[in-house]
Amino acid sequence: MDLHLTEEDRTFGLELRRWLDDNVRPDWRSAAKTHADYVDVQRDWEHRLAAAGFTGIWWPREFGGMGAGPTQKAIFAELTARSGAPEGLGRTGRRLLGPGVMKYGTHEQQAEILPAILTARTFWCQDYSEPEAGSDLAGVRTTAVLDGDDYVVNGSKTWTSNAQFADRCFLLVRTGPDKHAGLSVLLVDLSLPGIEIRPIEQITGDRGFCEVFYSDVRVPRASLLGAEGQGWEIAKYILRYERGAVHVFDTLVRIDRHLAATIRTAGDDPAAAARIGRSGAQVAASRLMAYRVLTEQIKGGEPTDAGSMAKLYWSSSWLGLAETATAIAGEGSFAPETDDERAVLRGFFECRPGTIASGSSEIQRGIVAKRLLRLPSRT
Ligand SMILES: Cc1cc2nc3c(=O)[nH]c(=O)nc-3n(C[C@H](O)[C@H](O)[C@H](O)COP(=O)(O)OP(=O)(O)OC[C@H]3O[C@@H](n4cnc5c(N)ncnc54)[C@H](O)[C@@H]3O)c2cc1C
């Protein structure tokens, strides 16, 4: 593992920092008074990224991207997170669907979909999970039945991040009875008749994800990504990008903020310092593990299952930090008065999705055991 940046990486970081200084409004959250303002800020950010060419940071040149290596992608993720940029709307298209379309899409799909992502004209969401199919993702029941030149889709999805702002989704559907070989992926226009999107309100008051209902939705056959029955392979390929090392670096920035606020609220108590020290060491180890996974990716070109190991470690370390922070603050944890106390409470809520999204910790443990450690398995 080589932790040194090249001259080119360093220059990239400096230029990016300057660009972020000029383009990120630090007060955008408080300035966005209404939901519509919030969406406008996000769209404006996406258009700024596109105009500067940064929407292409994740992609190779042959598909209109910048051809950046994993290190520069990690620098981008980390510095944009540090700047407080409203990264959100375009991420799913850029980081997840884009690589899937490059690998499995037809030339027509690539020509239509990829430029629209790069220019921030189309926003995508990922429609995999269902009420009865989260960890057991291959158990999806939403069906797509071929009828003439269309698939007719029926069923419901849940926890779809940003569906209410998205134009299209990549939808995991059942096209046959076999658990894995009966799955396919459709690229669906969310304005089609028969689709209903209902945002879900979270404990924080945010509405980050939605339920999506499909009733006799006619999706053109040409919207199939890859071959019919290839859905499980495609879904897993895209999930590896979701868990991949480069995305960890923006999360680590949020964990660092939580840690710093915890240190400031703890005062001089030596017992608290020892507990925070242990949590801080785990956070530092998470960063080193992310570098290790990144190094593998630099050598191999694509994210591997090692991303599951890094995700498992950073998410459980963050959870441990949150428990330490609330134990130190005691009863006051849930009635914060200062900015730091509010940051500690926010971290308490923010850390939890990390142990669930893109596969829960138990599922990541299974992947580490089976695919990395090659332990014997009954399945
Ligand atoms: C912030 C966030 C964003 C998300 N965004 C999206 C999105 O954009 N699109 C999308 O499709 N989904 C999204 N999800 C859904 C996410 O993928 C699922 O929540 C996740 O896969 C877990 O599924 P579940 O919620 O149905 O829990 P369940 O599968 O019901 O699991 C419940 C508990 O049982 C445990 N468990 C289940 N099976 C096993 C097993 N075999 N062995 C051991 N333990 C097991 C789990 O670890 C978990 O603790 C998002 C989730 C979060 C938190």
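The backbone N, Cα and C atoms fix where each Cβ goes, and this holds for glycine too.
Owing to the predicted nature of the structure, the values given are computational and were not obtained by experimental measurement.
Features as listed in TrEMBL:
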type	residues	note
DOMAIN	6-119	domain 'Acyl-CoA dehydrogenase/oxidase N-terminal'
DOMAIN	125-217	domain 'Acyl-CoA oxidase/dehydrogenase middle'
DOMAIN	229-373	domain 'Acyl-CoA dehydrogenase/oxidase C-terminal'
Mean predicted confidence [pLDDT] for the domain 'Acyl-CoA dehydrogenase/oxidase C-terminal' (229-373): 90
Per-state residue totals over the domain 'Acyl-CoA oxidase/dehydrogenase middle' (125-217) - DSSP helix, strand, coil: 6 helix, 51 strand, 36 coil
